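The next block holds one structure in the form of structure tokens; read it before the comments.
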Amino acid sequence: MKTNFVILLLLLCVFAISPSQQEEINQHNPGIYHQKLLYKVQQWRTSLKESNSVELKLSLAAIVAGVLYFLAALISSACGIGSGGLFIPITTLVSRLDLKTGKRFLGQYLIWVILLLGQLHECKSCIEKERVALLDFKKYWMSITQESDLDYVFPTWNNDTKSDCCQWESIMCNPTSGRLIRLHVGASNLKENSLLNISLLHPFEEVRSLELSAGLNGFVDNVEGYKSLRKLKNLEILDLSYNNRFNNNILPFINAATSLTSLSLQNNSMEGPFPFEEIKDLTNLKLLDLSRNILKGPMQGLTHLKKLKALDLSNNVFSSIMELQVVCEMKNLWELDLRENKFVGQLPLCLGRLNKLRVLDLSSNQLNGNLPSTFNRLESLEYLSLLDNNFTGFFSFDPLANLTKLKVFKLSSTSDMLQIKTESEPKYQFQLSVVVIRVCSLEKIPSFLLQDNLFTIFQMPATIVHELQFLDFSVNDISGLLPDNIGYALPNLLRMNGSRNGFQGHLPSSMGEMVNITSLDLSYNNFSGKLPRRFVTGCFSLKHLKLSHNNFSGHFLPRETSFTSLEELRVDSNSFTGKIGVGLLSSNTTLSVLDMSNNFLTGDIPSWMSNLSGLTILSISNNFLEGTIPPSLLAIGFLSLIDLSGNLLSGSLPSRVGGEFGIKLFLHDNMLTGPIPDTLLEKVQILDLRYNQLSGSIPQFVNTESIYILLMKGNNLTGSMSRQLCDLRNIRLLDLSDNKLNGFIPSCLYNLSFGPEDTNSYVGTAITKITPFKFYESTFVVEDFVVISSSFQEIEIKFSMKRRYDSYFGATEFNNDVLDYMYGMDLSSNELSGVIPAELGSLSKLRVMNLSCNFLSSSIPSSFSNLKDIESLDLSHNMLQGSIPQQLTNLSSLVVFDVSYNNLSGIIPQGRQFNTFDEKSYLGNPLLCGPPTNRSCDAKKTSDESENGGEEEDDEAPVDMLAFYFSSASTYVTTLIGIFILMCFDCPLRRAWLRIVDASIASVKSMLP
């Protein structure tokens, strides 16, 4: 009983330790504390076995020991004391207990109580001096913060004396001394030209890390001046990156912090040459990060930092390759990051002196030539990236032959003239984990990957077991077959990208042996045939599978498929046939992207698809699917895009759709019938219903806040345009063309935004999923080969613009695609009548307006001159009258202008864009004159038949149609009244008229039977 009780107490004490403290113990002294603890427990158990004659009872000693265990656990958890620090003495006490002698125990008990209180005394919160200093810092920070953000300034920092400042946000303390050792201040909305008074930091004498990414403009200290940071003698890390607007004026302050080992000035908009001389006193500096600025050479003074091990100059504008001569003198460098600069020319030979270098990133520059032969001296090199440079000609890997530690190699060229030397004499000593060779006109896989094989096109020997984990040879010219034994040769492969090449033939069945592979992209090749059974059953670790744009055939994923972990599946643009079977996808809750578009699938849309609860993108467009749309399919909660267009679907539209964050719904080119539900626009961002057989009127839509593209072209919609359309405040593209709408154009359409003020919103559907995978980790390269699964779905929007019905694409990963700038309204080919509302001229962001092929009358509103961004204006095939407003010549963006086949008259305006329009824009308007027509506005009409032989000037003024109609009606009425008056008097004319009438009546009667 007693044994069980004490063991139970021991377990409870162990579980009382906080996970963070346990992790800290493991990091500093892994295994030591626990080994000692287990040893003491074993010692205690041995003493029990040796005392078999002693009857074990639940004595006061055992109870006190248990209480001590609890106290030890609580104090250790609260104060940051390691578990061994208190448990071991107490376990020692229990293991040495003489269960027969209470006095001896009490003596030891008193001793351990004293020691326990001593441990408790060592557990300290923050000291009062630093607590007051933190409150002063907060007060100062509030004084330089914008008033709107004052509530967000260190809300947990308060003046409550019972509050432990070591528990405040942005603070880290030493658990033993209670002194502040880290202060982190993130991005803040500070007032303009805000300076930090460094003297406020002086009370933090043991601070080791300062992170001030807060939008500051500089430092100030009216007492200590530039030497202010020298008072922080323990300061090792100073991070001033991001959101700061520092310039070189802060460098004298920084130079005083001679204890610094790490300095980051990343992303501070610093320009021009960096004065390394001004930080020459930082002789202990090991890491210097100046990335994401606008710095350029020279680099003189860098050699003062002799202990520097990591240098990051990426994302700047360094250009001269000769500037690297200074870097070559930094022989203690471990990591050098020079990517995304403007270095031009060949790599200098002196880089071979950096024999301690582990990481070298030269990507995204303008380097050319080849690798220097001196690279064979970089014996410590593990990571080399030469992506996105301007290499041309033959590129040799021979300088890398002896680099036994090389794990990561990346190469690509912005030029299409680079060719890889795939065969060479030296035998390469490295075993790469990551290979990226893109856009290199590669026709063969390099020999260092294939080793001792026959060097035909991409063949591998059966005996190779390569340690390669990441292989990217996409966007090359490799043709032929994948080797049959690729799965045996690369069994450890985790990710492979062979997209955009010219591979042919079947997919090798040996790929089923790649049981560890998680990402496979073979899209945009010429593969054919069925998917091998071993492949669909063996690669059970696959999460991302892209086989798009090939010629695979057969049934889509048989029932025995083992792709149970799939998150992204793209098999679009192939030749898969048959129905969409049940398979194992029916129970997959991790699948996020499923694209089966552009195949030959038949049958109904299976109802089990609604069980794919994690689905965000579903595209089954351009197949031969029939039946109705399952309502449950559109109710999936996370669905953001569904494309069922280009099928043979029938039935009615669903009344509403799901999607927590807005859905893009493409149902065009089907055979859907019936009315459009008034609730359909709820939570819908894009609705494409073009070319169906929908009928009825435009409904009184409810909840229209989300919709910004509405396309209903080519249906059988009737009735007038609903004024509810005026509530589409966020609309960008509105297409109601090719229907049977009638009535007037609502003047309230000027309420439509056609270009929202919030430019951050975008049309695209981009679901970017990051799958962490540490292929390589260093100071600057952390999870460098994290594969970002760009699960975006390109959206195709067809809209009439510039006399063409074109496709516009969006939904790239970024929000600057073409759809973000497309604002248009198409009401053409309907039966609309009446005047064109002048209020439409208020749609200043509109780029396309098409009102052609209607029955619109009156004149062209002069307010259209306010359409500053208009590119295409089509008013053809109406009954418009009057002249073309001269103000329209101010439309500098106008490319297409069509007013053909109307009743317009007068002089055609000239100037600016109107000088570019040809005669086709004005056909069918006989009363228009001037260029580009052949009708002169100054033509004279002569009369050779006049009696006096004189000439009368022909009036070429435009016909006033209103006056013409009025005079014609007056003449008609006057004639009728005159005839009526004549009939009222007895005169020869009246009698003659009556005789004619009588004769006509008699003639008609004689003709009747």
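From the backbone N, Cα and C atoms, a Cβ is placed for every residue, glycine too.
Here's what Swiss-Prot has on this protein:
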- 945-955: compositional bias 'Acidic residues' (COMPBIAS)
- 232-255: repeat 'LRR 2' (REPEAT)
- 257-281: repeat 'LRR 3' (REPEAT)
- 442-465: repeat 'LRR 10' (REPEAT)
- 515-538: repeat 'LRR 13' (REPEAT)
- 567-587: repeat 'LRR 15' (REPEAT)
- 819-842: repeat 'LRR 23' (REPEAT)
- 867-891: repeat 'LRR 25' (REPEAT)
- 983-1009: topological domain 'Cytoplasmic' (TOPO_DOM)
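Looking at which of 232-255, 257-281, 515-538, 819-842 has the most CB pairs under 8 Å to the repeat 'LRR 25' (867-891), the answer is the stretch 819-842.
Below 8 angstroms of C-beta separation, residues 474, 491-509, 544-554, 557-558, 560-563, 570, 771, 773, 787, 789 of the same chain, each at least six residues beyond the ends of the repeat 'LRR 13' (515-538), sit close to that stretch. Taking H, G and I as helix, E and B as strand and the rest as coil, DSSP gives the repeat 'LRR 23' (819-842) the counts 8 helix, 8 strand, 8 coil. Here the repeat 'LRR 2' (232-255) is broken down by DSSP into helix, strand and coil counts: 8 helix, 3 strand, 13 coil. Mean pLDDT of the predicted structure over the repeat 'LRR 2' (232-255): 88. Taking H, G and I as helix, E and B as strand and the rest as coil, DSSP gives the repeat 'LRR 13' (515-538) the counts 6 helix, 7 strand, 11 coil.
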